[in-house]
Amino acid sequence: MKGNEFRNQTQTTIKNELAEWSDNSNNSQVDYASNAPSGDHVLVDWDGPNDPKNPKNWPHSAFLIHTILVSMLCLAGNLATTMYAPGAAQLAVEFKTRDTTTIALTVSIYLLGFALAPMVTSPLSEVYGRLIVYHTSNIFFLGFNLACAFSSNIGMFIAFRFLAGCAGSAPMTVGGGTIADFAASPEKNNTALRLFALGPLLGPVIGPIVGGFVAENIGWRWTFRIMSIVIAVLSILSCIFLRETSAAAILGRRGARITKETGKPFMIPGPMPGMPPKPQQPTKEIVSRSLVRPMKMLIFLPQVLILSFYTAFVFGLIYLLFTTFPAVFEGQYGFSPGVSGLSYIGIGFGMVGALFLFNFINMKMSNRTDKHGQLIPESYLPLMTWFSPLLPIGFFWYGWSADKQTHWVVPILGTFFVGFGSFAIIMPTTAYLVYAQGPQGAASVLAASNMMRYVFAAFLPLAGQNMYDQLGLGWGNSLLGFLCVVLAPVPAIFQRYGHYLRERFPTEF
């Protein structure tokens, strides 16, 4: 397979996998042999190339509506990750707790839901379709956010906060697949997927800016009430405008009717071009594969384990800062809860800058192929090698400038380098893992990487405030910077020896 062909085939997968798109999402070119027998099975396909039930034939307005709604749902789920953070101190006073670990947990436990829930929602969307996952998760997301708003003790709050994270992660899990189901032109599809990807990028930055002023003026509970209003509006719009777009689900229901009428089992087209049709798999088998295969990759593929650990550690550091910014800027600079939310702007601009640079360099360097014409996954790693040193520089800058109480803009400028350096690591690593595993392993490797990433984001922040209390802002952030320095050679090592690890430990699950 030539490099460009491989890249085009796999690029759909990587972008869809931003939301952990399941292995069996349909992105295939069908051969329109509807109801043609195949051995003991009936092949269920579209009724010709113009079948109106096929999302690829829906009008462009449907594509726009689904893209906007799914992107808004994804943004809402990510807004909730940190929107409440500036109000955590108010919750601590109301519930009479002074334990900094518990206070940090009220923010970060939400992300544990992002780590665990996709292992269930992804296979469920494969079996029952994407639409039911959206509607069900929206209802639970609304209910659990309201439960957070009316919690009467901290234990109840933490429990409902975790469940809200489980429900809020669903649009990220299946949203990219919804956009890809339409198979619009590459330009429109890329634009839509970039819009969808802004949710995980901007949500955690915009959330505390809004939440800070809400908490300051009307209290921390209103951050959840306002979030619930947003979710309710989006849920109503979803019920009105969203339709099932998964080809596997639509054809599966058509096949179920045929099986009921004829008694014969059915098959649907393969999930990727050139793949043979396959029979409907049992739900138990699909769920088992979604749970087991990512774990096998982490255990048996050192390249997956090492890079997943690296990005998870970096991602956890970002959320350590997110959970401690209010205490740092309120304590060191006397910011109000509302103004302290603005301290997230620096890291947000850094992330956006890294995103644009990655897209630019990606276009310049991702066409590199080996002597066999195959894409070289290591071609995505130079950005990480060049800019990963910015991460420890950012921590040293932020820590000592805040410790010495220089002008508040100086530590915020330091967080810009943290945001830039962290995303200069996370994005190339994600691309490398997906292209190194190929289309058939992309879903599982991203499920494994994302699970580890959100576990670190949930638990690493718990040590943040205690670390600052013991070491101070200067040496506390220097400790984080030194750990980043220790890990800094990882990109260069994989750029040099990544091909050897891929050959020595191939994906064979």
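Backbone N, Cα and C atoms are what each Cβ position is placed from, and that goes for glycine too.
According to Swiss-Prot, the protein carries these features:
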CARBOHYD  N8  N-linked glycosylation site
CARBOHYD  N26  N-linked glycosylation site
CARBOHYD  N189  N-linked glycosylation site
CARBOHYD  N367  N-linked glycosylation site
TRANSMEM  63-83  transmembrane segment
TRANSMEM  103-123  transmembrane segment
TRANSMEM  139-159  transmembrane segment
TRANSMEM  162-182  transmembrane segment
TRANSMEM  195-215  transmembrane segment
TRANSMEM  222-242  transmembrane segment
TRANSMEM  298-318  transmembrane segment
TRANSMEM  341-361  transmembrane segment
TRANSMEM  380-400  transmembrane segment
TRANSMEM  408-428  transmembrane segment
TRANSMEM  442-462  transmembrane segment
TRANSMEM  474-494  transmembrane segment
Item to check | Interface check, the transmembrane segment (139-159) with the transmembrane segment (222-242), three or more C-beta pairs under 8 A | outcome: yes
Next on the checklist: Under 8 angstroms for C-beta pairs, at least 3 of them, ignoring pairs fewer than 6 apart in sequence. Is the transmembrane segment (63-83) in contact with the transmembrane segment (222-242) by that rule?
Outcome noted: yes
Checklist entry - Who are the chain neighbours of the transmembrane segment (341-361) in space, where the CB to CB distance is under 8 Å and they lie at least 6 residues beyond its ends? => result 82, 86, 201-202, 204-206, 208-213, 318, 321-322, 325-326, 328-329, 335, 382-383, 387, 394, 408, 412-424, 427-428
Checklist entry - Most CB pairs under 8 Å with the transmembrane segment (162-182): which of 103-123, 298-318, 380-400, 408-428, 474-494? => result 103-123
